[in-house]
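**Q** The structure follows.
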Amino acid sequence: MGTTTLAWNINNTAENGSYTEMFSCITKFNTLNFLTVIIAVVGLAGNGIVLWLLAFHLHRNAFSVYVLNLAGADFLYLFTQVVHSLECVLQLDNNSFYILLIVTMFAYLAGLCMIAAISAERCLSVMWPIWYHCQRPRHTSAIMCALVWVSSLLLSLVVGLGCGFLFSYYDYYFCITLNFITAAFLIVLSVVLSVSSLALLVKIVWGSHRIPVTRFFVTIALTVVVFIYFGMPFGICWFLLSRIMEFDSIFFNNVYEIIEFLSCVNSCANPIIYFLVGSIRQHRLRWQSLKLLLQRAMQDTPEEESGERGPSQRSGELETV
């Protein structure tokens, strides 16, 4: 009798401990998803404002075209995260899970390409200014953005088809090959982003001809730093998905939720960066319109030089795409 009671107590304690641990995991999971929804909604509002201002209220230059498309990619990415997190928290039917997966991949790749393109083009404009201003085709930014959207969509659809996300067809080795191709694509973009940003920094800080730091340089630098710390882990985790799930799916789910939250912080941070950079060195304590702040963040002329120019001259600088 005593042995039976002891065994029952041990089993009961083990079950209670397992239940407590499971309840704790569910609570953390729901809390993280709830925070993701809050951050994503804030980011949707911020990127929506940037889209609205750049599309309809500001003249666009070569770089603001990329910023406009980056805001579009961030908006799409955050929207998918809101839908996915709400489905998890409310325990809704997730029949759309794989569709959201493809759209998330599409938006993430497009956003990374836009940031890499901004950094690379800014580096070219500083390293070889004469060639850049004289030889650069007029509609390069628009063409590059179109290519980015198309290539990101095609790559996402091919991965979705090959890995069984869209249809029942699934080829393990083909899926792994696609994952390696996509990972290589990410590595190339990351190298372009890192090298161009580092070269730009070296040129500005240690170059023989000192180049003044503009608001737009600060905007690019902060955007790149935030992406490396908050956005890059999502890409690393995403394309290790098949390998991680083979070893420990629980570990992957926990890590993935955290990284998903960080990537939402990255997409939410970009509009905040624009408006904060636009408000730097404003001595007059008065409310500045978001349009004016965003225009200042896109300003690629030194502070002293831009202060001497009239409004018509400054707006003229923003018309070349």
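Just so it is clear, glycine is given a Cβ too, placed from its N, Cα and C backbone atoms.
Annotated topological domain 'Extracellular' per Swiss-Prot: 1-33, 84-97, 168-172, 237-257, in sequence order, evidence recorded as sequence analysis. Feature annotation from Swiss-Prot assigns N-linked glycosylation site to Asn11, Asn16, Asn94; the stated evidence is sequence analysis. Taken from Swiss-Prot, the feature transmembrane segment covers 34-54, 63-83, 98-118, 147-167, 173-193, 216-236, 258-278, and the record attributes it to sequence analysis. According to Swiss-Prot, the topological domain 'Cytoplasmic' annotation covers 55-62, 119-146, 194-215, 279-321, on the basis of sequence analysis. If you look up Swiss-Prot, you'll see 299-321 marked as region 'Disordered'.
How about a rundown of where these features are and what they're close to?
**A** Summarised as a single figure, the pLDDT of the topological domain 'Extracellular' (84-97) averages 78.
Taking Cβ pairs closer than 8 Å, the transmembrane segment (98-118) reaches residues 63, 66-67, 69-70, 72-74, 76-77, 80-81, 83-84, 144-145, 148-149, 151-153, 155-157, 159-160, 165-166, 182, 185-186, 189-190, 192-193, 196, 220, 223-224, 227, 231, 234-235, 238, 263, 267 in its own chain, all 6 or more past its ends.
Here the topological domain 'Cytoplasmic' (119-146) has long-range neighbours at 62-63, 65-66, 69, 192-193, 196-197, 199-200, 203-204, 211, 216-217, 220, 224, 320-321, meaning same-chain residues at least 6 beyond its ends whose C-beta is under 8 angstroms from one of its own.
Within the chain carrying the transmembrane segment (147-167), a Cβ under 8 angstroms from the stretch's Cβ atoms is held by residues 69, 98-99, 101-103, 105-106, 109-110, 113-114, 117, 174-175, 178-179, 182, 185, all 6 or more beyond its ends.
Residue counts for the topological domain 'Extracellular' (168-172) under DSSP (helix as H, G, I; strand as E, B; rest coil) come to 1 helix, 0 strand, 4 coil.
With DSSP classes pooled into helix, strand and coil, the tally for the topological domain 'Cytoplasmic' (194-215) is 14 helix, 0 strand, 8 coil.
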**Q** Between the transmembrane segment (258-278) and the transmembrane segment (34-54), are there three or more C-beta pairs closer than 8 Å, counting only pairs 6 or more apart along the chain?
**A** yes
**Q** Looking only at the topological domain 'Cytoplasmic' (55-62), what are its DSSP counts of helix, strand and coil residues?
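**A** Per DSSP, the residues of the topological domain 'Cytoplasmic' (55-62) fall into 3 helix, 0 strand, 5 coil.
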**Q** Count up the helix, strand and coil residues in the topological domain 'Cytoplasmic' (119-146) according to DSSP, in that order.
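**A** Taking the topological domain 'Cytoplasmic' (119-146) as a whole: 23 helix, 0 strand, 5 coil.
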